[in-house]
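Copied over from TrEMBL:
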TRANSMEM  31-52  transmembrane segment
TRANSMEM  64-85  transmembrane segment
TRANSMEM  97-118  transmembrane segment
TRANSMEM  154-174  transmembrane segment
TRANSMEM  180-201  transmembrane segment
TRANSMEM  256-278  transmembrane segment
TRANSMEM  298-317  transmembrane segment
TRANSMEM  354-372  transmembrane segment
TRANSMEM  378-397  transmembrane segment
TRANSMEM  409-431  transmembrane segment
TRANSMEM  437-455  transmembrane segment
Amino acid sequence: STMRERKTTDPLHLSTDLSEGKEKLRLKQEVGLISGVSLIAGTMIGSGIFMSPEWVLHHMGNPASSLLIWAACGLLATFGALSYAELGTIIKESGGEYIYILRIFGSFPAFLFAYTSVILVRPAGLAAVCLSFAEYAIAPFYPGCSSPQVAIKCTAAACILILTIINCLNVRLATSVMNIFTAAKLLALLVIVVGGLVLLAKGQTQSFQNGFQGTTAGIGAVGAAFYQGLWSYDGWNNLNYVTEELKKPEVTLPRALMIAIPLVTCLYLLVNVSYLAAMTPSELLSSGAVAVTWGDKVLGSWAWLISLSVALSTFGSSNGTFFSGGRVCYIAAREGHMPDILSMAHVRCLTPSPALLFTSAMSLIMIISGSFTSIVNFFSFMAWFFYGMTISGLLYLKIKKPELPRSYKVPIIIPIIVLMAAVYLVLAPIIDQPQVEILYIVLFIFSGIIFYFPLVRFKYHPRFLERVTLQLQLLLEVAPTTKDAN
């Protein structure tokens, strides 16, 4: 059948391949600790730290309170990741929020998440990062004027197509690209940090005098500042999407999270201090691209290095987003919530190529139809809605099923704090500045009901879709996969 209903049994009780007496495909366990840290840090450090500081400062009104927002965002990302680490050691399956919602709350809410995530949220995140990559990559070719939209969108589309080829060919190739680009972007951030420390040593501290003067206290302004800051931290949950591809997931998952997120938080704070040492708050606010302005002031003729670094950084980040985003589509199809073809893997490359191709196609549509800012705003709202639902699932397991085996436990106060933050981030923009776009998002989420009941609940499968699936299977050289029974 084109879409299949799977039993939601614990993966520990699934039969092994050998007992079935036939060989089946499964994704390779290629992601170790270094690649895990690179996947998290490499996805988190994208365009945000080079674009968002001016917006956080704009919403908060002064340097000191904006630095507090950056620290609070890092703490919230750390708390969220630690909560996800416990979920990942209880439910050792790939798929992130999708698989946790499925196992805890059941099929219907999981389908709504998969439907929203696969068609909108993940492609939107990828499109936003690729658009920002394109802006920095082609900026040197249009000195003194803004780049044409056609050139930006064509470059972003080319970026997605290159990522599709890399990720479809080989998991190890994709993780190698991630590791190389993560090292490059960490080096770029260290240059900014060292430059800032030199400026502070020379006494350029005027931005930090009377640091809290003029702080904004509105609920909406603080929420908007958090959205901009958290966009820079997004990616803290990416390792949970590839749990089945981790070597020793019960050890690697918590350890990689505890290394990557505090590292990124410290870097972000130091980079913000460096920006404020190099320019006054008013200069920072009037800057179109903070990192480039910093480069012009501090590096002089070497300022082009910053543009290159941002382009490399955003390319590496988009690779991490693509790597994990394709897995959501693949896992949802494997559980019967998406067309069967999306649950298959290439017979030689052992990558979920149909799911990756579908994610690529949806991202290309987003690039053609949307802009960077519009995509980011609705991405943040939807992401924190589902983060909140997932964290409430962890609280349910901690209270109702404490006997479940888990190799890592997070103190219950941590997921409670994350849930409260998620509720605030979802409700603050609705209460303070209600927008019609949020209504459209909610309507889209619940439009999934139209597809769920006939296709999943009542298993209505048109015959022509079976023929299409078979033809696509032959064309793409893919076959069904099995779960890891370990």
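Cβ atoms here come from the backbone N, Cα and C positions, even for glycine.
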Take a look at 31-52, 154-174, 180-201, 256-278 and tell me which one has the most Cβ pairs under 8 Å to the transmembrane segment (298-317). 180-201
For the transmembrane segment (154-174) and the transmembrane segment (354-372), check the count of CB pairs under 8 Å (sequence separation 6 or more) and say whether it reaches 3 or more. yes
Decide whether the stretches the transmembrane segment (180-201) and the transmembrane segment (437-455) have at least 3 CB pairs under 8 angstroms, with pairs required to be 6 or more apart in sequence. no
Interface present between the transmembrane segment (64-85) and the transmembrane segment (256-278) (three or more C-beta pairs under 8 A): yes
Distant-in-sequence neighbours of the transmembrane segment (354-372), which means Cβ under 8 A and at least six residues beyond its ends: 118-120, 122-124, 126-128, 130-132, 135, 153, 156-157, 160-161, 163-164, 167-168, 322, 325-327, 329-330, 333, 341-344, 472, 476, 478
